[in-house]
Amino acid sequence: MAKSALRRRRGTRKSSGSFLSNAGFLPALLGACVLIVIGLAGGILMGLMAFSGTKSDFSLRKPLEPILSLSRKNSVVSHTDERSTQGANAGSAAQVVDDGIINKEDFLNHEPIIGNQGAFPYHQQLVEQDHDFFSFKPQGGGRFDEYKHGNSPYSYSPGESDALARSRRYHIKKAMQHAWTGYETYAFGKDELKPKSMKGDNGWGGIGITLVDSLDTLWLMDMKDEFYRARDWVKNHLDHNIYKAVSVFETTIRSLGGLLSAYDWSGDEVFLDQALDLGSRLFKSFNTPTGIPTSQVNLATGQSKNIAWTGNSAITAEFGTLQLEFRMLARLSGILDYKEKSEHIYKLMNDMHPAHGLYPYFIRNQGNKPEFANNKLTFGAMSDSFYEYMLKIWLQGGRKEQFYRDMYDKSMQGMFDELLQVSSPSGLVYIADKNNGVLDTKMDHLVCFMGGLLALGAYTDPLGLHSERAQRDLKTAKAITYTCYQMYARMETGISPEYIQFFPGKDFQSGRGAPHYLLRPETVESFFILYHLTGDPIYREWGWEVFQAIERYCRTAAGYGSLKNVHLPDIEPEDKMESFYLAETLKYLYLLFDPETPVDLLHKHVFNTEAHPMRIFPIMDEEGVMDLLKQ
Ligand code: DMJ
C-alpha cells in the first residue's frame, strides 16, 4: 500500500465501527450542504472527496471477516482507550481493549471488535536476504492485548502484507533447505537426522520417516530436485517389510499420509505403490474383536498388540486418526474394506454416547464391545486428533456425511460447556483437562491446533458463518490462538514449553516438569489456518516472531534441535529433530507467508493431522448414495 494511503487510514482510527459515528462523515456532509447552497463547484468537489475518503476506509476492510449482529443479547459493551501497548513492534500506538472479561460467561457473551480501530499498525520493513537471526530478542508478552478475546480490531485490505510475507517466505525456505541438506548429507534414508552429532537414526524401524514425511513440503516449496532425489530413494530403497512392531497411528499419519499426499501432488505412481504396500500391512491391526485397531503392528508378520503402559487399552487419538488416510487408500485401491473398517470405529464411538460428546482417552478393545477404560478428558495428548478428524472426515467427503459433522458439533459444545476456561487476571482463554470430574487447569501445546480447527469448523458451518454457533467458534479460535501465541511470547527464549498450568491470580506458568519444546507445529498451524481464512495480518506477525525464535535458539550446524528448557536462552539445542518439524512446522510457516499458495482449505484440500494436504472428494453421488469408489 502507498505510504500516503496508510497514513490517511491511520489518521482516521476511531473507537467505533458505526458508519454514522465515523467522525469523517458529519463534517463532510455539512461541508457538502454549505457548498451546494453557495453553488461553488470546487467546494462540491472537496466535499465529495472528503466523503469518498471515509468510504474508502470501509472498502479496504476484508470482506471475508463477518461483523457480528449488533442485536445480540447480553453483549458486553466494549470500550477503548488510547494507552499504547507495551513494546508494540511498530511505531503506531495500539488500542488496548478493556472488555471486562473475567470469566467464561463474559467471554461467551462478548461481541468481538472487528476492524474498527483503524489500519493495521504492526507491519514491519521487508526482511533482507542476509537477515541476522542471532540478534533476535524475545520482546515478552505485554503486546497485542487487543486480540485477546477473539477480536480482529484493525482494518486491512486483502494482500496488504504480501510483499512483506514474500520477504519472510524466503527465509522459511532457507530453513527447510538447511534442515534437508543436513538430512540428505548425514542421514539420507534414515528415520531421523541427529542434528548435532550429524548422524542418522533408525528409531522408527528404518522406513525413512523424515524423508517420506518431508516429500510434500519439498513439493510445495518448489524444491523439485530434492523431491525427485527423495522419490528415487522411495522407489529403490524403501522397504516396509521390517520385523518390528511400529506405532499404527504414527506410521499412518507420517508415512502413509506422506506417501498419499506426495502421490496426490505429483501423480507419481511410485508413491501410490508404496502407500498400497504400507496400508495393507498397517491394516492388519484392525483384526480385533471390536474392530478397534491395536496400537502396534509388526510390519513383516502382521502380529499386533496394544502397548503395556496404557494398561493394554487403545488410545482414542490413535485409532480415531486413521480415517482420512484409509478412506483415501480405499478410493485409490478400490478396496472398500479400508473405508468401511476405519469408519466403523466412529460408529462404535458414537454408540458409546459419552456425556457431552467428550471421550476419555483410554478405550478397552479386547471384548466384543469397546469400553471406556479411564475418565480423563482432554483436547491435548491422546485425544486431540480424534476431534480433529470428526470435522476433517466430513470435509474430505465433500461435507455430505452429516454423521461426522454432528459428532464434531456435539463434542465442541461439550468442550465449551465442560472444559473452556478464562484465566485470571489476564483473561486468557484456554481449554483445560478434566480428570474424574475435576478440572485440571493446564493446557498442552498440542491443544493449540484447536484455534485452526474451530476456525475451519466455523467457516464451513452448515448453519452459516454468521450463525451464533459459528461466531462463537470463530472468536474462540482466535482467543485460544492468542493464548498459544502468549505461550511463546512470555518465555525467555520466545519458544513455548510442552504445556502450561494456570493458577488463580497468576495466569499461566510453564508446566512443571515439562519446560521443553520438541519443534512442535500446532501454534503455527493455527496461525496459517486463521490467516488463510480471515486474512488478518496479525497471524503473519506472530508467525514471524515464532520463526525468528526457532532460528535463534534451535538451529544447529546441520539442522534444528529441540530445546530442553525454554526458559534458558543460553542452553544448546538437543540432538533430536522430529520429522514433523519438516513435515508440519516449516510447511505451515511457509504456507503462512506464501501468497501464491496452491492450497485451498475451503474448496480443495484437507490436511491430515501430520500436515499432509490431500484433495477432498465428494463421497456421495447425486442421489445421495455412498459411492466412495466411483470417482
Ligand atoms: C504430530 O505428529 C501430529 O500433529 C499429531 O497429531 C500430534 N502432534 C504431533 C506434533 O506435535
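Every residue number used here counts from 1 along the chain in the order it is shown.
Backbone N, Cα and C define each Cβ position, glycine as well.
Just so you know, TrEMBL annotations are computer predictions that nobody has curated.
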Name the cysteine that pairs with C448 in a disulphide bond per TrEMBL, restricting the answer to C484, C554.
C484
What is the Cβ neighbour count of E522 (active site) at a 10 Å cut-off, with all protein chains included?
25
Here the Cα-Cα span from D384 (active site) to T609 (Ca(2+) binding site), rounded to a whole number of angstrom, reaches 10
Quick test of your reading of the structure: among the recorded positions E250, C448, C484, E498, T609, whose CB sits under 6 A from ligand 1?
T609
Which whole-number value in Å describes the distance between the Cα atoms of E250 (active site, proton donor) and C448 (disulfide bond)?
19
So how many other Cβ atoms are close to C448 (disulfide bond), meaning within 10 Å of its Cβ?
30
